[in-house]
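Participant: Swiss-Prot feature annotations, pasted as is:
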- D29, G158, G219, G240, S241: D-ribose 5-phosphate binding site (BINDING)
- K86: active site, schiff-base intermediate with D-ribose 5-phosphate (ACT_SITE)
- R170: D-glyceraldehyde 3-phosphate binding site (BINDING)
Amino acid sequence: MTDSEHSTTGSSRVKRGLAEMLKGGVIMDVVTPEQARIAEDAGAVAVMALERVPADIRAQGGVARMSDPDLIEAIIAEVRIPVMAKARIGHFVEAQVLQALDVDYIDESEVLSPADYVNHIDKWDFTVPFVCGATNLGEALRRIIEGAAMIRSKGEAGTGDVSEATKHIRKITAEIKALTAMSRDELYVAAKELQAPYELVAEIAETGTLPVVLFTAGGVATPADAAMMMQLGADGVFVGSGIFKSGNPERRAAAIVRATTFSDDPSVVAEVSRGLGEAMVGINVADLAAPHRLAERGW
């Protein structure tokens, strides 16, 4: 679909440009207007409004849905930075509601309970840019085809264990690098294996990068975690439970922002890592049974 074909719903150029504005920054999960203010004061480029952080969603179980509109509107009213909110995978009406609430970005999120196990949301139908998760390049490309303006490597949300985030960002960047060395014939085969259009695969092979920004998420809990994600090739970082489940949220939030900005300077990362109090307790991903691995939601 060309930009002119969906000019009434927002072109891909505009949506991707809005996502590009967040590059190099930290996006923080918040569950109250007060937390949103802390995130903004710490230097977050955006906040994700939700009723429960992923650690609580994981601990409490049950069906996790879109947040209450009153909460979302209260957070929007509290801060000047962009506000994101989550919709369930495939739940296009939740996305319609979020767009009506004037959120700045919609995250079609595996952290919430999927509403459709076959179809993701057709994101071309919306003016609001979408964020979508991916564990590998094929998954990322399928979301881009559907209209996603930002990809985040999934990691394993709500654990405080950065190992899955490391695995997913490494896999995506390695698969992109592999495309750049392929011949045209090999790219045709790769496109088939990735279940993506040849034209998109060829574009990535030529540029060596996705056509949208690539953030990372899931388990980032310390300044060093954030800096490592940036050094591994992320354009920015999502931080969920790691801040407001820690001993000193204000200080940790500011430290993670600074470590993200100065990710290539170990002396800065060392300095901001001092005196942060206890990090979130966390869960080892290796101890999670397959049904409890949120990153496996989506296809």
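Glycine is treated like the rest: Cβ placed from N, Cα and C.
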Participant: Minimum Cβ neighbour count within 10 Å among the recorded positions K86, R170: which residue?
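Facilitator: Among the recorded positions K86, R170, the sparsest Cβ neighbourhood within 10 Å belongs to R170.
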Participant: Could you tell me the C-alpha distance between G219 (D-ribose 5-phosphate binding site) and R170 (D-glyceraldehyde 3-phosphate binding site) in angstrom, no decimals?
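Facilitator: So the Cα of R170 (D-glyceraldehyde 3-phosphate binding site) lies 15 Å away from that of G219 (D-ribose 5-phosphate binding site).
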Participant: Can you check what DSSP calls K86 (active site, schiff-base intermediate with D-ribose 5-phosphate), collapsed to helix, strand or coil?
Facilitator: strand
Participant: State the Cα to Cα distance, in Å, between R170 (D-glyceraldehyde 3-phosphate binding site) and G240 (D-ribose 5-phosphate binding site), rounded to an integer.
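Facilitator: Answer for this pair: 20 Å between alpha carbons.
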Participant: Between G240 (D-ribose 5-phosphate binding site) and the residue listed as 'active site, schiff-base intermediate with D-ribose 5-phosphate', find the distance joining the two CA atoms and give it rounded to the nearest Å.
Facilitator: 13
